[in-house]
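Data first, discussion second: the structure below is written as structure tokens.
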Amino acid sequence: MAQSVQERTRLKNKRYESGVIPYAKMGYWNPNYVVKDSDMLALFRVTPQPGVDPIEAAAAVAGESSTATWTVVWTDLLTACDVYRAKAYRVDPVPTAPDQYFVYIAYDIDLFEEGSIANLTASIIGNVFGFKAVKALRLEDMRIPFSYLKTFQGPATGVIVERERLNKFGRPLLGCTVKPKLGLSGKNYGRVVYEGLKGGLDFLKDDENINSQPFMRWRDRYLYVMEGVNRAAAASGEVKGSYLNVTAATMEECYKRAEFAKEVGSVIIMIDLVIGYTAIQTMAIWARENNMILHLHRAGNSTYSRQKNHGINFRVISKWMRMAGVDHIHAGTVVGKLEGDPIIIKGFYNTLLLPKLEVNLPQGLFFEMDWASLRKTLPVASGGIHAGQMHQLLHYLGEDVVLQFGGGTIGHPDGIQAGATANRVALEAMVLARNEGRDYFNEGPQILRDAAKNCGPLQTALDLWKDIAFNYTSTDTSDFVETPTANV
């Protein structure tokens, strides 16, 4: 005699609890969980939907970013499900937002493919950000275990080797993005590069959206740029470079452009964040194998990193990109035109440069993390900065940084070379003051005025941009301390 539906369900329920049950009761919430050194840890900012318990929301995030689906499935019994389930183990209210919670989640290391940013992110940020139980969700920080970090190559070149290749130590490197970013012919583009490097800069660079457009094809740009680099290097006696953007529609085309850049003598190539994690790792491997510095422009990152309650904090992107193997990444200026709270930006720079991270809640660093001897990634500051801010830039960002003055070089009324010279003289005056033990931050304006007495281009720059400041309150600020904008 055929069994009824009710009888079949009763028999199945003897073997396992079926149906839809709360995530917290399925094992995805465990306040007594003891974190292992090998666990992948993630810190999410969770805004539950009205009426959803924060514990259940935390468990839902853990479940949907690991093994769960919307209902219990019997095939769980074919796995080590107790091991593979992510465990939300701590929920703290956000001090500045009563409807938000910091959720700590631990993942077993076996859930992730070795050496793959793509696989790591497919779990951690894959489906869960569209989950209905949460109103908003942001990945604030991660602790990548030592053993997992060892499966990544890290930066292709690193800060120390880059400085040795350039023979430039003890100061920030100086750069400039060619402006206008679109519309120049190859020959005019190369002229901008030559003028900037001859005036004292270390690098010129392509902007994120210069690839191979009708007004300037990539091969022409590379040839004219390298002519400018070589002439400026010969005239100055310094090693110079210009970031050649190899971003393209396919990996085959990226390789073609990178190989040509190497053939014409470039020391550095550039890619955009929008090419994707797998492509970034692939180009980092190529760069290491070919002794090339790899610059990453974070094009597109603010679409998901800027809003405080939803998306991915840039410190997490910084960790992923250091693992992936980029040598440079834009990481904020504090004083420029782009988003940048001083304390939060300091956390980004520490993430890229320190060999080991300590917990620093004001900076947004929630976990200790040893970088497992991966090389440092050099932060890049660009966007609305000029020579008159040099004391602030050195104070907030330190010396391991590339300071890129685009408009602050090319917008100089006496020309590109004069703009470059103004920046170089301002930097060297400030570094000298620092080395002499002076309070260069508070004395900065006077130090610059004194240097300008012997440098007409610097005086012109100070006169032109003296009143320029971008005093907007940052969108992404610390949850634990109040910080004013840097220029106030």
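Each residue, glycine too, has its Cβ placed from N, Cα and C.
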Asn127, Thr177, Lys181, His330, Ser382 show up in Swiss-Prot as binding substrate; which entry in Arg143, Arg298, Arg306 does that record put in the same site?
Arg298
Return the residue, from the listed recorded positions Lys179, Lys181, Lys205, His330, with the maximum count of other C-beta atoms within 10 angstroms of its C-beta.
Lys205
Compute the C-alpha separation of Asn127 (substrate binding site) from Glu208 (Mg(2+) binding site), stating it in Å without decimals.
28
C-alpha of Lys205 (Mg(2+) binding site) to C-alpha of Thr177 (substrate binding site): distance in Å?
5
Sort the binding-site residues Lys181, Asp207, His330 by C-alpha distance from His297 (active site, proton acceptor) and give me just the closest.
His330
Other residues, Cβ within 8 Å of Lys205, Asp207, Glu208 Cβ centroid (Mg(2+) site):
Thr177, Val178, Lys181, Asp206, Asn209, Ile210, Tyr243, Asn245, Met270, His297
